[in-house]
Amino acid sequence: MAETGASPAAGTGRAAAEETVTAGTGEALVTETGGAPAAGTLHGLGVSPGRAAGRVCRMADPPRLPAPRPVADTARETALALRALEEVAAELSARAGRAPGSEAGAILEAQSFMAADPGLRETVEENVAAGMDAGHAVDAACGHHRRALLEAGGHFAERAADLDDIRNRAVAAVLGLPVPGVPDPGHPFVLVAGDLAPADTVNLDPATVLALVTEKGGPTSHTAILARSRGLPAVVACRGAPEIGDGTWVSVDGTAGEVVTGLAEEAAEEILRRAAAERRRLAASTGPGRTADGRAVELLLNIGSAADLGAGAQAEGVGLFRTEFLFLGRADAPGFEEQVAAYEAVLRASPGGKVVVRTLDAGTDKPLPFLDLPEEPNPALGVRGLRVGRVRQDVLDVQLDAIAEAARASGVQPWVMAPMVTTAGEAADFAARARARGVTRVGAMIEVPAAALRAGRLLRELDFLSIGTNDLSQYAFAADRQHGELADLLDPWQAGLLRLVAECGRAGRAAGKPVGVCGEAAADPLLATVLVGLGVTSLSMSAPSLAPVRERLARTSLAACETGARIALDADDPAAAREAVAGMTAAGAARR
Ligand code: PEP
Ligand code: MG
């Protein structure tokens, strides 16, 4: 479990005189920091890998409400409050428009819907009718709906931060204060905040913002998702964050989840220099994925839309196209034509020939209101992914029709797979539906342990498998993937998870069919070598992870990957596995 709070820097006697630097590759470097004031190490969850250092800029505190004032004209007051909400909704929607078709745009559009929600407006009206002024009416209404989200738990609870942002923006609008948001100090900085709303994160400029540290947030919070897609190192759930002083120098390790405070300026600059040198070294490794002895391992990209393809020119194709981003935050399902256009755009613009399209993964952390799915006590164990077909087969069939039409129009044949496949019967049914529409490569995601254990049987129905380690961990370890406190169980180095991957790798080899990994595990360079040793033939990740994974594979032989896999399968815990595999590959490199 992630430790939180401040602790003395490593090497107590020489507090911060020496520091270990990890520049997103697992390489250990040593930096002399010398004479740093009051250094300490804060721990949180590392949710976006990489290393950066710089001066802290804190997000401004949310606008404070003045004392309540008596309301003389209820109609005027209601109009003032509702206008503020409308302005916020319009601003969020305009920002979404500036990031069309991207994950970020979909998130902002959903937040704009939240600000315009009739239920929220109604609560504001009731509050004014009960005697509150506009500012207090907005504040209390957002507080009311926030509590409801928190009580709903899971994905809904993580959206509470979005509502806080709406509250802050609307209260500022009512009071005539500037819109709260990311500071602009005129120099690069490490952004420290209580939490970040999508509207803040979307427009972050990676040239100015070096890294993110937040007190709140979980592994799948928007801060985490967007930081990863922008390649910004990020640590969330860092309880010591409020104590980090504005203008002080810190280093942030988004891989280890550590923030070292009280650095001297020269030490921070040295860390930045080393991280930049490391990035240059990694950028020099190009071309297709290969082990040191030439075994091909396809390196692919995870995307939410065609807009995410720009940064992935170095990928050999798309390993996971999450089509649900087209459906999120919508009052109605996107129509056939709209879907064809979205899929065709990806097929035409893909960096390599291969594109793996995943059919709609709805339910639990990706709720789609228009599906009208029944309320469930345990949504993660309920009607989600392919199971939506049990109640709304029409939605999945229209999607398959649209994918087939996009293939015809673009002349590019996608590989098509379904999420949350659990049994061979489900695999056979999906394959029949897809093949009836002319899809030539049909596969399944392996996210449920039962499917991993029957990988060989599933492959009799299918052409390929793609392992979703995020969900496979969740279901194998009975640990909610959004639960920050259970992060240790969700660690992809857990031998229990790797044994399930090994089963799939074995089945793939026996059938002579490809088995990829498209969960976050594929983005960890050292673990990537283990996955290849377990028989995985492709790795799919977001763009910033491609170079480190490619570079690590290129200096590890297939035999070393297989030895690493055996070590990891038998390790007592994830930390021991990492250490033993890193030691083994370092020793191998030293012998060469
Ligand atoms: C996974 O579960 O590992 C996966 C890639 O799918 P998602 O994260 O979209 O659920
Ligand atoms: Mg999944």
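A Cβ is built for glycine as well, from the same backbone N, Cα and C atoms used for every other residue.
Keep in mind that TrEMBL annotations are predicted by a computer and have not been checked by a curator.
The model shown is predicted, which means the values in this text are computed figures rather than measured ones.
Matching Arg457, Arg460, Arg481 to the phosphoenolpyruvate binding residues that TrEMBL gives (Arg322, Arg358, Asn470, Asp471) identifies Arg481. Cross-referencing 1-22, 45-66, 287-308 with TrEMBL places the feature region 'Disordered' at 1-22. Largest Cα-to-Cα span within the phosphoenolpyruvate-binding set Arg322, Arg358, Asn470, Asp471, Arg481: 20 Å.
Close contacts with ligand 1, defined as a Cβ under 6 Å from any of its atoms, occur at Asn470, Cys518 among the recorded positions Arg358, Asn470, Arg481, Cys518. Close contacts with ligand 2, defined as a Cβ under 6 Å from any of its atoms, occur at none of the recorded positions Arg322, Arg358, Arg481, Cys518. Reduced to three states, the DSSP call for Arg481 (phosphoenolpyruvate binding site) is coil. Counting every protein chain shown, the number of other Cβ atoms lying within 10 Å of the Cβ of Asn470 (phosphoenolpyruvate binding site) is 18.
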